[in-house]
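Annotated features in TrEMBL:
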{"type": "COMPBIAS", "residues": "7-20", "note": "compositional bias 'Polar residues'"}
{"type": "REGION", "residues": "1-24", "note": "region 'Disordered'"}
{"type": "REGION", "residues": "275-307", "note": "region 'Leucine repeat II (LRII)'"}
{"type": "REGION", "residues": "407-476", "note": "region 'SAW'"}
{"type": "MOTIF", "residues": "227-231", "note": "motif 'VHIID'"}
Amino acid sequence: MRVPVCSPQSNHSPAPSSAVSGKLISDPNGNSNWILVSDPHHHRHQAALEWDENVVRNMDWDDIVNDLGLDDELTSPELTHHPLHLYESYSGLNHQNPSPDNYFDPNTGNFNLGFEFDVIEELIRAAECFETQELQLAGVISARLNQRLPAPIGKPLQRAAFYFNEALQSLLTEPTRPIRSSSWSEIVQTIKAYKSFSEINPIPMFNHFTTNQALLEALDDGSAPLIHIIDFDIGFGGQYASLMREMAERNDQYSRNFIRITAVVPEEYVFETRLIKDILSQFAQELGLRFQIEFVLLPTFQALSFKAFKFITGEKTAILLSPAVFRYQCLNVTTFVSDLRRVNPSVVMVVDGELWMESGMKSFRKNFVKGLEFYAVMFESLDAAGGEWARKVETLLLRQRIFSAVESASRGTAPAWREVFRGAGMRAVRLSQLADFQAESLLLKVKTRGFHVARRQAELVLCWDGTALSATSAWRC
């Protein structure tokens, strides 16, 4: 999910300043609390890459926690999904003992596990048993691995193996996880984890900058007084603060447009919707923008498709989505695209943060291994940044994604969405040079080395040492 982000240069929440005002909201228990919101005219002339630093100043999450008492150059290299190639190495074809000394050898480009490789082999065997419906044996193997993987510690691959084994066990004992709303404390901790994730890793801001720039370019012709954004992955909506600020700072007709957002959210997204609406409405009011946000529950959209939304004649429409809506939310991609084309949006933005699932493989075991590879690399990129919040990001954010990915793989992967898009007549639009520049400039501000931006046809891709981690693309009918 997407949430407020902050500058990677900041390691703590900024202190309130004279440009900060208060905003009263209520927690789920009815207790009133103040959220700090900065003056919309403060730092008005800062560069584009400081947008999200302003967002953090506007949303001082540390203050929320205290108030609520919850202390607790573009090149196009050949992109690979993962250099680990676990499936080939641990499917019984390769039993060479890896060196226990190092995880990654920069001279050879090979990964060494640093712990017993048979743990990974056993984990893959458990996944294979699940695929062949040998569920009892899969459970025995997974339970045995608990002794070898007692906690998410050690090298990145070892920690990833812990979470994937945990997800597999959950799938064996509870194939369908019950729907549960997050508590207020859990929401705050998740927000803080995303804030930290954005400080140590460029993925969130890369996605936000490229998406917002494409939206501005697609909607910025002054031809329509109404702008309608339909978002299938709104998170906590922090990306819209930077978008609205840019709109407000334009001294033209565009800045006087009426912005509507319709977000499709799961049933359990109860407290989050209140928080999103409260903060974005207040922020738009201070910027002098006309703004409205509505929410449509996922089951309603599943039943009515795009008829669940209100459309106004003459408005320009943009759609934001992640392929996760097809993988995890059981939406039929072919039907979705067919209905989408009837809406004829100005642009469809797709942010794919799980590129390992894009091939459309049906094998649970292969998808399980590809996911394990992907998150091992993701964890490695977090280790390169260091900091106490790296492990909390894994626990509070990435663990949930791993569980969802494993559950999705058990149902069978959705068709490759790019092929369906092209087959339905959708065409990918190359993102502008400004989007390229912003992405490259962003990486210059990131202290962690190893990230780079590449082109893959019309997509802009963020990579870590040659591994594609996230891709943003724009599509039109």
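Quick reminder: no glycine exception, Cβ is built from N, Cα and C everywhere.
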For the motif 'VHIID' (227-231), the number of residues DSSP places in helix, strand and coil: 0 helix, 5 strand, 0 coil
Mean per-residue pLDDT computed across the region 'SAW' (407-476): 89
Helix, strand and coil counts within the region 'Leucine repeat II (LRII)' (275-307) (DSSP): 23 helix, 8 strand, 2 coil
Residue counts (helix, strand, coil, in that order) that DSSP gives for the region 'SAW' (407-476): 25 helix, 25 strand, 20 coil
